[in-house]
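Taking it in order: structure first as structure tokens, then the write-up.
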């Protein structure tokens with residue numbers, strides 16, 4: 001009986017996958033095998049049935065992850081003594097496990113949301129779209145970061161298979177149309193408990209008031225409960241639905257901080273971006289994997305960082321060195337300073353909002369595959385290593401179905417005092433992956449930016465599939481007459497087109513940003 005039921009489900013999956021099979025099977029044998037296993041038949045199923053099939057695909061992928069992790073773990077134990085570089089092996093193993101858990105968590109959440117009463121209304125729909133994009137990004141992060149060697153040869157077949165399944169799941173999801181329900185979409189959940197001691201009439205976050213009700217205080221001088229940021233984060237509860245507030249007093253905190261995904265809803269408030277400083281000096285030259293070079297990494301959903309500095313002191317000569325990596329959905333960075341050189345800010349995954357921040361770096365200094373909006377930020381290019389150019393963005397959208405992209409709105413793009421603009425070229429961005437998506441809207445662009453505006457990553461790759469957009473910018477670097485002539489680049493004239501890159505559209509921000517009490521501009 002069970003065999004018949006399973007065969008029936010497989011048949012249903014084959015009926016729905018026909019519409020997405022060719023596009024995602026041309027390049028990977030694993031995807032071909034997957035779709036061959038499903039045996040395409042018909043695509044005339046209702047959207048409810050498509051939802052049911054997507055749930056089956058996701059549950060199957062969760063089981064595949066569990067099997068892959070067990071298999072890789074056993075294989076690694078057998079070959080551990082043969083590995084020459086134990087540090088690399090440890091980093092690769094940790095990264096593989098972390099990204100598999102990341103993907104698994106997002107798929108489980110997606111299944112729960114698919115079964116919820118609000119799908120496919122917009123808020124629920126955008127949640128799932130974000131998380132399924134994050135599943136794909138998690139797998140690709142593994143492929144990108146794990147070093148070439150025996151370990152990669154062991155895990156790559158499983159990763160390629162999972163990547164193919166993630167692309168199919170995304171395409172299947174996109175085949176379901178969202179429903180617009182203004183009432184559902186505009187409802188903001190009840191004010192979180194952390195606002196119960198603050199005047200809820202305050203439209204915007206009151207940092208001084210929140211400091212007084214902080215759950216814990218960190219201070220270098222001993223006036224707080226803890227003297228390190230890590231100790232305070234360790235004290236935060238796991239899997240909490242209530243916000244946990246950590247007030248970090250003035251001081252330089254020389255420590256590498258990582259918030260696990262089991263600790264959502266953390267708020268860290270400092271005394272100002274020039275007063276509360278978290279600093280580190282890891283780089284690809286000593287940690288090997290860019291992902292783990294971050295001075296501060298947040299993996300928890302709903303993270304809010306306010307009035308502090310995230311700094312990586314490694315200079316421009318040592319390659320990628322992240323100051324801040326954000327890998328949690330619905331994260332907000334407000335009035336913070338992000339300071340580094342190559343890969344300084346890594347908006348890795350999911351929805352993120354940056355407001356009134358100071359961001360400085362050199363090569364690809366805003367990089368990743370998040371859906372991120374930057375509003376009223378100071379984006380400052382600094383002097384790179386000799387012979388290098390500056391690239392402000394390196395966005396890594398993998399497929400047209402991804403829910404990701406960077407939007408730079410009402411920001412100032414300028415040069416630091418040490419940047420020699422006469423000899424160093426600076427570009428708005430280059431495509432890390434072929435569907436790289438970046439929009440610069442209503443911003444000031446200084447004369448540091450090359451007239452071409454944008455530059456290729458390698459040859460002609462991605463120049464017709466990327467989405468680079470500019471809209472109503474000003475300043476000497478905003479002149480578009482000499483911009484690149486790629487088919488993927490456009491100067492937008494229609495505000496309806498530009499609206500796609502706003503908080504409301506790119507982040508679905510109206511459904512979650514109000515809770516943060518951080519000021520934001522929803523549209524243009």
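Note: Cβ is positioned from N, Cα and C throughout, glycine not excepted.
Feature annotations, reproduced from Swiss-Prot:
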ACT_SITE  343  active site, proton donor
BINDING   290, 430, 432  substrate binding site
CARBOHYD  265  N-linked glycosylation site
CARBOHYD  281  N-linked glycosylation site
CARBOHYD  412  N-linked glycosylation site
REGION    23-172  region 'Pectinesterase inhibitor 42'
SIGNAL    1-22  signal peptide
Three-state secondary structure, residue 412 (N-linked glycosylation site) (per DSSP): strand
Distance [Cα-Cα, Å, rounded] between residue 430 (substrate binding site) and residue 343 (active site, proton donor): 13
Distance, residue 290 (substrate binding site) to residue 265 (N-linked glycosylation site) (CA atoms, angstrom): 25
Cα distance (Å, whole number) from residue 343 (active site, proton donor) to residue 290 (substrate binding site): 8
Where the residue listed as 'active site, proton donor' sits in the secondary structure, as DSSP reduces it to three classes: coil
Cα-Cα distance linking residue 432 (substrate binding site) and residue 343 (active site, proton donor), given in Å to the nearest integer: 12
Integer Cα-Cα distance in angstrom, residue 432 (substrate binding site) to residue 281 (N-linked glycosylation site): 25
Residues 290, 430, 432 [recorded substrate binders]: greatest CA to CA distance in Å: 18
Neighbour tally for residue 412 (N-linked glycosylation site), based on other Cβ positions within 10 Å of its Cβ: 16
Alpha-carbon distance [residue 412 (N-linked glycosylation site); residue 281 (N-linked glycosylation site)] in Å: 27
Conformational class of residue 281 (N-linked glycosylation site) under the three-state DSSP mapping: coil
CB contacts for residue 265 (N-linked glycosylation site) [other CB atoms within 10 A, all chains]: 24
